[in-house]
Amino acid sequence: MVNRNKLREVYNDLKKVLTWNYLKGIIVNPSQLHIACFLILIAELILNILVVERVPYTEIDWKAYMQECEGFLNGTLDYSKLRGDTGPLVYPAGFVYIYSIFYFLTNRGTNIKLAQYLFIFIYLLLLTLVLRIYKKTRKVPPYVLVITILTSYRIHSIHVLRMFNDPVAVLFLYASLNFFLDSKWYLGSLFYSLAVSIKMNILLYAPALFFFYLVNLGLKGTIKQLLLCGVTQLVLGMPFLLVAPIAYIKGSFDLGRVFNHTWTVNYRFLDIKTFESKFFHLTLLGIHIMLLILCLPMCIKYFQSYCRLKYVQRQVQPQIDAKNRENKKRAKLRKDVKNNLNQPDETLSKEQEAFLNSFEAMLKNSSQKSKPDKAIKEHEKEKHFSINFDILSQLFILPMFLVNFIGIVCARSLHYQFYSWYFHTLPYLLWCTNYSVIVRFLILALIELCWNTYPSTDLTSALLHVCHISILYGVYKKMATELNITSKLT
């Protein structure tokens, strides 16, 4: 009897879950993203293995990375003397250490296949961190992420065919964002600084992160976090700073570096002279600063709301947890009493069991009209109180993604591997606009087209700017509208 009751409970639970609304929610409801996340990771594992096994490897930077690390491993600590086939080493010390590990794991960089499988692992880990952010924010429908992530040719090429250092830096960045979402400030700052030590494009997030520190931690706490970031850079760079400090700083953090026009994705329509001119670079820097001045006040208001609501969470959550524990104990007690009442005192014969089953069926049929036990069953259900505080993550993630995106819009040049800097943030940014779903997907498709066109053309470069500006305008307009409405209500 007890086992039959348990089976009936399981059946009823499955009946509640396997409804049309639930199945529909798996596709369109951002709060039911966990199933889509699992499917994405499985699909990506299979897809990336197929890419590695069937698509020929093309050498771009991997050999140069290994040559630069080999110089370090041979005892050269002067950054100006660390070079590869593509030129001098231009990345900070974290890059050297990580790729030195790859150097040993891949037999001095010669085992390309093993290196590609290592990058499959890195990409799956990166995706796990990205999807955790999307699960927490509950902003983007599952089908959007499935379509966007699985269909990007360029992103798979960057991660598992070319093995650039950009995905490694972005991996540490997304790890830091997850730590910040969990209020693990020191770990967040440490991983952010580690990301910067691999490639300095991560500094594009710095303006937003600085104000996030300031709003949540105050001046004293902000100084502590900045010191942690700074000390991390000093410790990592110490071997090189002790030997040739100027060479290290100039080589790894060269803000005046001139990019090669051959590889540009966003400024193919400019001639080489204009592309390399200081006036052009200063103009872009000025636009970058003006956009930050325009958007950072809104970002700060988002951070302030995040801080206030986090405070409410810290006050309310312990009370909710205590109430749920109390209700759980009561429900367990009721269940134990019910099971004891249903427990037979002796083993029943087949005739007795048949009689009890027929008697139970008769009672069930007689109660269908009045259903007197329905209220009791509803009362006996375990009550669970909860407030979805995870959605507060939107107030942190949007400003961070936006400030990084502003930096990309104003970049002097975007090379093909730079797509990984912001690809996984694009669905989030677009779903923070008021554009229709069709327009959002159209923008995503056009951006993918621009990045997949090699070499870039005047048209694709111009189109990429149009798409970027459309996203920036859409996000700004919606943020400004929401803050305007909020200010009227307060």
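In case you wondered, yes, glycine gets a Cβ from its N, Cα and C as well.
What TrEMBL records for this protein:
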| type | residues | note |
| --- | --- | --- |
| TRANSMEM | 33-52 | transmembrane segment |
| TRANSMEM | 89-105 | transmembrane segment |
| TRANSMEM | 117-134 | transmembrane segment |
| TRANSMEM | 192-214 | transmembrane segment |
| TRANSMEM | 226-249 | transmembrane segment |
| TRANSMEM | 279-300 | transmembrane segment |
| TRANSMEM | 391-414 | transmembrane segment |
| TRANSMEM | 426-447 | transmembrane segment |
For the transmembrane segment (391-414), could you work out the same-chain residues 6 or more beyond its ends whose Cβ comes under 8 Å from its Cβ atoms?
133, 136-139, 177, 180-181, 201, 204-205, 207-209, 212, 259, 261, 263-267, 275, 280-281, 284-285, 287-288, 291-292, 295-296, 298-299, 302-303, 305-306, 309-310, 313, 421-422, 425, 428-429, 432, 464-465, 468-469, 471-472, 475, 479
Based on Cβ pairs under 8 Å, which of the stretches 33-52, 89-105, 226-249, 279-300 lies most in contact with the transmembrane segment (117-134)?
33-52
Quickly jot the same-chain residues contacting the transmembrane segment (426-447) by Cβ under 8 Å, restricted to those at least six beyond its ends, or write none.
134, 137, 139-141, 144-145, 147-148, 397-398, 401-402, 405, 463-464, 467-468, 470-471, 474-475, 477-479
Contact ranking winner - 33-52, 89-105, 192-214, 279-300 against the transmembrane segment (226-249), Cβ under 8 Å:
192-214
